[in-house]
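Working notes for the structure below.
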Amino acid sequence: MGASDPVVERETQKKEEEGGGGEEEEEEVRDVEKGEVVVEEKVVDSNSNVNINDEQRGFNASMMQTLNPTNPLRIVINGGRRVTAPRIATPPPSQPSRQAPRIATPPPSQPSRPRSISTSPPAPTPTPQASRTALNSKKYTNKISLFLFVLHMILAIGLVGFLVFKGIQGLILASESIKRKEKRVLKYLLPQVEAASLLSISLSFSWQKAVRVWPKFMVHFILWSSFFLSLSAGILLICFQKPATDGVGVCFIAFAIGNGLYACWVSQRIGFCCKVLIISLQPVSKFSDLNQPTYWMLGTGFLWMSFWILAVIGALNFYFPPLIIIALVLSLAWTTEVMRNVVNLTVCRVISLYYILGMQSSTQFCFQRALTQNLGSACLGSLFVPTIEALRIVARGLNLLEGEDEFMFSCAHCCLRIMESIFRCGNGWAYVQIAAYGKGFVQASQDTWALFERQEMEPIVDSDITSSICFLTGVCSGCICVIVTAAWTAKVHQPFTATISLLTFIIGYLMTRIAMALPQACVSCYYVCYAQNPDNRLFDSTIKDRLSLMKAGRDVVVPTPRVPHRFRET
């Protein structure tokens, strides 16, 4: 018996060890069912395809399911310490599945080391055309121009207020002769100017609505109606047989002659212009409130012009009336041009985001952005773009006069060189990238022109007449205001006819230009966004077909005069 005791003790110890192993196995099964995994000095990866035998690992994980592949989870065990993983879905108890889990182990060549839990989602794919950060830029553009415009507005408001005070003072405290003079001005000048403001607002909405509904007809109508209306206004003023009215009438007739020649010159471009205008106005119907910025700007312009005309009347009783009135006219022109470009930037923002991202953005938010972040660019462009348009007209005239005369040849060559540099640094197409990406005016002009050059679109852009159509629309409204107010004034007080004719023409032109900013902005967005991404599904083959015809020599265009290739430095 004594000799058998060690044997019995060894068998008893062996049974106890086997019993203890069973308890540990049962404990580990319970841990797995609770969503806990216990492994010693191993790295477990749920995406591996390696199957481990339960007997080799010493635990049973039959109820464990595959983790979410889009959010891989690594479970790390350091020094035999138990680490609890998140709860994992288990199959119903009725399923007697006893398959082993798929556990990842590092390659034999790599040492086993702890790894951290990685739960970050995959990085988003960047937009191919532009990032959302660039489209949501919060920086203010052209701050110097913005500061100058704000300073100008402070001075203009102060001057207008002072001149209105002087006018009221003249009516109350001045001598009888000054009182009679001011009363006569208020009686025979103020009603005509206010009527011209209201008439121009009505005409501006009528022109815009007609262009949106009948674009093909309105392009022809505007080209020739501007000719007949300016000619009629000039003849009417000459019929009054006064030196002042004769001078103004001759200017209208001269403009009518140039307008008629221009209408004949661009007759070959009208078809393509109508086609682009029809296509570019199609997204407008998706934004029911796109005209709200126009309403606000026209209402603000009407109020400002009402005070402005009172300031003009008050300037008659102050020092140097002609200089003050010229300063007031220049201030009014810059202010209304900024208003027009605010509408332009708002529409450009809405339409360009529709082309770039395919989204319908808030018109109100775009309007607020144009009045804050992009206002400096609108101020700079309001001074720069009209100058560019004037230089384009001069360049065209000199190009037509260019011949064997050496002096005219040199002037045309010099002017075309200037046009080449100006078009790269400042053009009306820049408002699209200013509104979309928050760029400065000069940078946006250069980047936009580079896009046109990359797509070889310069001939198409140069031959576009949309800006001319919008300009002539303003001329039509101005001439209608002149005809109405000149006939009215000649009936009640003829000496004011020339002055009122000029004032009402300016008011009618400026107010209509604000409303016509919408179709011009739509056309600009169509060209610029196409140059940025010609493969966009929102564009058809209109521009591509036009380019093909021009390259094949089957389409005749008369581009804006630029530096001929034979004069460019190689």
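Backbone N, Cα and C define each Cβ position, glycine as well.
Just so you know, TrEMBL annotations never went through curation; they're auto-generated.
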Of the residue ranges 292-308, 377-393, 428-444, 496-512, which one carries the transmembrane segment annotation in TrEMBL?
496-512
With a cut-off of 8 Å between Cβ atoms, can you find at least three pairs linking the transmembrane segment (496-512) to the transmembrane segment (217-240)? Only pairs 6 or more residues apart in sequence count.
yes
Tell me whether the transmembrane segment (217-240) sits in contact with the transmembrane segment (469-490), defined here as at least 3 Cβ pairs under 8 Å among residues 6 or more apart in sequence.
yes
